[in-house]
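Below is one structure; the comments refer to it alone.
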Ligand code: TRP
């Protein structure tokens, strides 16, 4: 039986952090045997919000290196850079003729970006969801592991696929959001303000590239409070977050000890943070070292990107041939 196609993209803006790792990448790693996986760096997408390309190359290399360091095996998956696959741009052009200005203007992420960059409301920003649909449909992917914030984009991809199929014949399957594990781990910012994110408060975000000392500093500054007021109290979310992190990197015994301390109002947050910081630093060290080694090995990086692009282009070319055929763009 043919494996189902899974696809996801990461924009090369900002550093990968624990939220990306536990919420997404760890799942990608688990998918790579069961599915036909395509993971790519969305460099074209980043141009819609980050026109300054001085750091682009370094960022693209870092994302590739960090993905491999987190356990993605470039032999098993197609790991590639979007701009190495020109077929995506061609499909984007066709899909643009099926996307309406009105529906694109209504997309909440578009409106957010207009608010954030009123002086650069470029057409690429408006058609961001069309490019994303092209990314997905070019491999006729059916499973797309993305967070909640991308679900509307995915719905639009389904609409564009539908419209294409109605107008030109059945070519595209319907792509759906996909959570591999039952519950996705959500990591909150260490200051207690929402999800851990790439760009907001950097001292409240732990990046995969953070050195041990910095990890300690950040964890020791994490938000806590005066402790539970009664036995078996419910944990506020910023405390639960520390326990969640601990459950991901510390031994069961350690987690249990602090759980018992908490339920009996004996918790010492200083001790908990110290332990968590140590275990987190140990957890991150091999990932960071591997990522750095890969980033410094340009020959290896070039080989990985070339092989990834070859695999992706083989699949993309097959789709484009069918697309052209069904559209009558073939003479
Ligand atoms: N828009 C996604 C984000 O901001 C990145 C992305 C681009 C993507 N193309 C994709 C994700 C295709 C999944 C599938 O995170």
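Please read every residue number as a count from 1 along the shown chain.
Here the Cβ of each residue, glycine as well, is placed from N, Cα and C on the backbone.
There are 19 other Cβ atoms within 10 Å of the Cβ belonging to residue 11 (ATP binding site). Residues annotated as ATP binding site in TrEMBL: 11, 12, 13, 19, 20, 147, 148, 149, 187, 195, 196, 197, 198, 199.
For 135, the entry in TrEMBL reads L-tryptophan binding site. Taking the Cβ of residue 135 (L-tryptophan binding site) as reference, residues of its chain lying under 8 Å away and at least six apart in sequence are, in sequence order, 7, 9, 40, 42, 82, 88. Secondary structure at residue 135 (L-tryptophan binding site), taken from DSSP and collapsed to helix, strand or coil, is helix.
Under the heading motif ''HIGH' region', TrEMBL lists 12-20. Long-range contacts of the motif ''HIGH' region' (12-20) within the same chain: residues 41-43, 46, 49-50, 56, 59-60, 62-63, 66, 70, 186-187, 195-199, 205-209, 245, each at least 6 residues beyond the stretch ends and with a Cβ under 8 Å from a Cβ of the stretch.
Residues or ranges marked as motif ''KMSKS' region' in TrEMBL: 195-199. Long-range contacts of the motif ''KMSKS' region' (195-199) within the same chain: residues 13-15, 17-20, 186-189, 205-206, each at least 6 residues beyond the stretch ends and with a Cβ under 8 Å from a Cβ of the stretch.
The most densely surrounded of the binding-site residues 148, 198, judged by C-beta neighbours within 10 angstroms, is 198. Summary: among the binding-site residues (13, 20), the fewest other C-beta atoms within 10 A of the C-beta are counted at 13.
Taking the Cβ of residue 187 (ATP binding site) as reference, residues of its chain lying under 8 Å away and at least six apart in sequence are, in sequence order, 17, 18, 19, 22, 23, 195, 196, 241, 244, 245.
Among the binding-site residues 13, 20, 135, 187, 196, 198, residues whose Cβ is positioned under 6 Å from ligand 1 are identified as 135. As a summary of secondary structure, the motif ''KMSKS' region' (195-199) carries 0 helix, 1 strand, 4 coil according to DSSP. Per-residue pLDDT, averaged across the motif ''KMSKS' region' (195-199), gives 80.
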